[in-house]
Amino acid sequence: MDKYALRRQLKAARNALRPTARRHAARGALRLALRHGLLLRAQRIGFYLPQGGEFDAHPLLDHALAMRRACYLPVVPRRGRVMRFGRLHRATRMSPNRYGIPEPLDPRPLRARELDLLLMPLVGFDTDGYRLGMGGGYYDATLAFMQHRRHWRKPRLVGVAYECQRVDTLPHDPWDMPLDAVLTERRLYRFDSSRPLRT
């Protein structure tokens with residue numbers, strides 16, 4: 001099955017989840033993240049605001065803010081696809097980007113390489129840690145620098161997904177960057193990588 005058909009199938013499975021199941025999943029993922037110490041060693045953490053049925057990472061974000069971690073959200077550029085990450089405080093002013101997604105109004109957003117941990121939304125993931133995104137290429141472009149350094153350590157890449165988004169194998173391209181881990185409502189999947197996840 002090609003990426004387009006897989007994307008349709010996995011989005012349909014994700015969108016079929018009831019609101020109560022989504023809330024339960026978000027709480028389950030937070031419990032697992034705390035059990036595995038996912039947020040402990042990271043000082044600068046990239047999050048996302050869920051759109052179109054994506055896994056709701058708000059409980060993780062709220063907990064990280066309570067831990068006094070520096071939390072960031074993607075900022076989509078006016079041109080190109082390389083995102084920066086704006087700092088989020090409890091009173092941060094937000095502005096919608098061209099897709100209608102709120103972004104922090106941060107005069108000095110960070111580059112991805114300045115983050116310790118990046119939590120990423122996804123449409124699907126496989127047993128090798130490959131991620132199927134929405135198809136816009138923003139995360140691919142933002143993380144392209146990691147392909148040119150064999151032992152680049154930052155940021156750790158962790159997908160956040162529902163169990164129904166897991167498949168055995170995804171088609172992937174040479175520029176696709178495998179994840180270090182995926183957090184679901186049931187478990188933290190860790191993947192063999194030259195950049196092992198240390199938690």
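Here the Cβ of each residue, glycine as well, is placed from N, Cα and C on the backbone.
Note that the coordinates shown come from a computational prediction; the quantities given were computed from them, not determined experimentally.
Record features, source TrEMBL:
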| type | residues | note |
| --- | --- | --- |
| BINDING | Lys3, Tyr4, Ala5, Leu6, Arg7, Arg131, Leu132, Gly133, Met134, Gly135, Gly136, Gly137, Tyr138, Tyr139 | ATP binding site |
| BINDING | Leu49, Glu54 | substrate binding site |
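What TrEMBL annotates, mapped onto the structure for a quick look.
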residue: Lys3; record: ATP binding site; DSSP class: helix
residue: Leu49; record: substrate binding site; DSSP class: coil
residue: Glu54; record: substrate binding site; DSSP class: coil
residue: Leu132; record: ATP binding site; DSSP class: strand
residue: Tyr138; record: ATP binding site; DSSP class: helix
Taking residues Lys3, Tyr4, Ala5, Leu6, Arg7, Arg131, Leu132, Gly133, Met134, Gly135, Gly136, Gly137, Tyr138, Tyr139, which bind ATP in the record, the widest Cα spacing (Å, whole number): 20
Neighbour tally for Tyr138 (ATP binding site), based on other Cβ positions within 10 Å of its Cβ: 17
Residues satisfying Cβ distance under 8 Å from Met134 (ATP binding site), sequence separation of at least 6: Arg7, Gly52, Val123
Residues that sit under 8 angstroms from Leu132 (ATP binding site) by C-beta distance, when 6+ apart in the chain: Lys3, Leu6, Arg7, Leu10, Leu122, Val123, Gly124, Phe125, Leu170
Those binding-site residues listed as Ala5, Leu49, and which of them has the most Cβ atoms within 10 Å of its own Cβ: Leu49
For Glu54 (substrate binding site): intrachain residues, at least 6 apart, with Cβ closer than 8 Å: Arg14, Tyr48, Pro121, Leu122
Lowest local Cβ density (other Cβ within 10 Å) among binding-site residues: Lys3, Arg7, Gly136: Gly136
